[in-house]
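Undergrad: Can you read through this structure? Questions will come right after.
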Amino acid sequence: MLHLYNSLTRKKEPFVSLRPGKIGMYVCGITVYDHCHLGHARSMVAFDVMVRYLRSQGFDVTYVRNITDIDDKIIARASERDVSIDELTAQYIDAMNNDTHALNILPPDHEPRATGHIETIIRLIQRLLEKGSAYVSENGDVCYEVDTFPEYGKLSHKDIEGLVSGSRVEIVKEKRSPLDFVLWKKAKPGEPSWPSPWGEGRPGWHIECSAMAMHELGEQFDIHGGGLDLQFPHHENEIAQSEAATGKPFANYWLHVGMLQVNGEKMAKSIGNFYTIADVLKEHHPEVIRYFLLSSHYRSPLNYSEENLLNAKKALIRLYQAVKDVPPQTADSKLDEYWQEQFNQAMNDDFNTPVALSVLFQLAHEVNKSNSPALAHTLKNLAGILGFLQKDPESFLQSGLAEEEKLVIEQLIAERLQARAERNWAKADQIRTDLLSKGIELEDGATGTTWRRIAE
């Protein structure tokens with residue numbers, strides 16, 4: 001049975017969906033004011049694997065991942081570049097789609113944008129005002145009153161009294177409490193705005209996600225996810241406003257992905273230590289990046305380094321070598337039940353991908369020993385749930401080399417062939433040895449000599 005670590009209760013719990021066989025999952029997507037970095041990729045890959053696994057277990061998953069396309073950062077960036085907000089967001093949505101496609105991240109079933117749900121957002125704010133959970137502040141903003149929700153802090157387990165006492169005094173001038181947050185921002189000159197019962201304005205970030213999640217999945221759903229940095233205040237605020245409006249639990253399970261770090265610090269645009277997905281893809285195969293991102297449990301911090309990416313590459317090479325000579329899968333090919341069960345046990349333990357990867361390596365060892373097509377197909381199938389081992393083995397094993405390097409290898413193979421024709425075995429053996437020392441393995445066959453990269 002699947003067990004998930006629920007941030008709300010701080011413990012692993014058996015997963016029971018609201019509707020048998022069906023799962024509603026909402027994940028906070030990106031704010032499109034810049035290119036996605038590898039920290040975004042970690043979250044997207046983690047939830048991609050969760051969806052793939054749940055579907056492999058027979059669940060009908062409705063996966064929603066939003067796009068925040070109106071925000072202070074977007075407005076500021078568009079102004080800096082002297083472009084329209086629509087032009088800016090379209091550019092980065094296209095870039096995100098290119099990144100996710102390259103990383104073999106499945107598209108969500110629904111990808112709502114905040115600007116497409118203004119009426120839904122306004123209706124939700126009206127409900128909160130009617131229930132006395134929100135108020136119109138002196139400056140014309142509509143704010144949520146945190147003190148009206150006694151359970152505020154139940155997700156992040158923050159010391160709310162401490163947060164209030166540590167807040168800046170000037171915020172209180174516009175809000176009844178420093179922790180109150182904006183649901184609707186009064187329009188400012190030159191900023192995009194929409195008509196509302198409270199005048200022209202635009203939605204706050206937190207209310208956008210609640211409104212879009214409810215629109216796509218209903219007032220209650222199974223899983224809400226996002227990065228650990230969103231737990232407070234974003235997800236805390238989502239719970240407060242959603243449950244105040246409906247009187248029902250918002251999401252039953254809250255899953256949070258740990259931070260990707262660089263030298264012990266969170267990778268973030270604000271710090272300036274981030275690597276864009278596009279830049280990392282220039283240097284590393286997409287499957288290598290996926291493997292690296294899954295090499296640590298999704299809740300644990302993961303350190304970015306070239307060494308860790310190299311280790312991921314070596315690991316994938318070993319897996320590809322195990323399946324490189326396997327005949328194509330046929331319609332009646334069956335998967336090995338024992339290894340399926342071992343893999344499922346790992347994934348049922350809160351999507352424990354490091355243990356699942358160790359199962360794949362044990363299976364690869366058995367494939368190498370037995371050369372069993374059934375085991376090899378099982379290996380490819382299980383790895384496919386993690387989103388890799390899906391390329392042509394020869395193509396992958398030759399990837400990562402510049403065309404000039406490939407030409408040099410082909411030239412050396414030709415020289416070796418000539419040496420063998422001249423019965424100069426010493427030279428032929430030396431060429432093989434030299435290439436092997438560079439991580440290039442030669443294989444002689446009836447149709448000629450082929451080569452592949454190997455784990456050094």
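Just so it is clear, glycine is given a Cβ too, placed from its N, Cα and C backbone atoms.
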Undergrad: What does Swiss-Prot list, out of Cys143, Cys209, as binding the same Zn(2+) as Cys28, His234, Glu238?
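TA: My reading of Swiss-Prot gives Cys209 as the candidate in that site.
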Undergrad: With Swiss-Prot as the source, identify the stretch among 266-270, 396-400, 401-405 annotated motif ''KMSKS' region'.
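TA: That would be 266-270, the stretch labelled motif ''KMSKS' region' in Swiss-Prot.
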Undergrad: Do you know which of 30-40, 74-84, 283-293, 360-370 Swiss-Prot annotates as motif ''HIGH' region'?
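TA: Of the candidate stretches, Swiss-Prot labels 30-40 as motif ''HIGH' region'.
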Undergrad: To the nearest whole angstrom, what is the C-alpha distance linking His234 (Zn(2+) binding site) and Lys269 (ATP binding site)?
TA: 18
Undergrad: I need the neighbours of the Zn(2+) site defined by Cys28, Cys209, His234, Glu238. Which other residues of that chain put their C-beta within 8 angstroms of the C-beta centroid, in sequence order?
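TA: For the Zn(2+) site the neighbour list reads Trp205, His206, Glu208, Ser210, His224, Gly226, Leu230, His235, Asn237.
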Undergrad: Could you give the residue numbers and ranges of same-chain residues that sit at least 6 residues beyond the motif ''KMSKS' region' (266-270) on either side and whose C-beta is under 8 angstroms from one of its C-beta atoms?
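TA: Contacts with the motif ''KMSKS' region' (266-270): 34, 37-39, 229, 259-260, 304.
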Undergrad: Between Cys28, Cys209, which of the binding-site residues has the fewest other CB atoms within 10 angstroms in the structure shown?
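TA: Each of the binding-site residues Cys28, Cys209 was scored; lowest Cβ tally within 10 Å is Cys28.
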Undergrad: Can you give me the average pLDDT across the motif ''HIGH' region' (30-40), rounded to a whole number?
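TA: Averaging the confidence scores along the motif ''HIGH' region' (30-40) gives 96.
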Undergrad: If you measure Cys209 (Zn(2+) binding site) to Lys269 (ATP binding site) at Cα, how many Å is it?
TA: 22
Undergrad: Please work out which residue of His234, Lys269 has the most C-beta neighbours within 10 angstroms of its C-beta, and give that one of the binding-site residues.
TA: His234
Undergrad: In the motif ''HIGH' region' (30-40), how many residues does DSSP put in helix, strand and coil?
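TA: Taking the motif ''HIGH' region' (30-40) as a whole: 3 helix, 2 strand, 6 coil.
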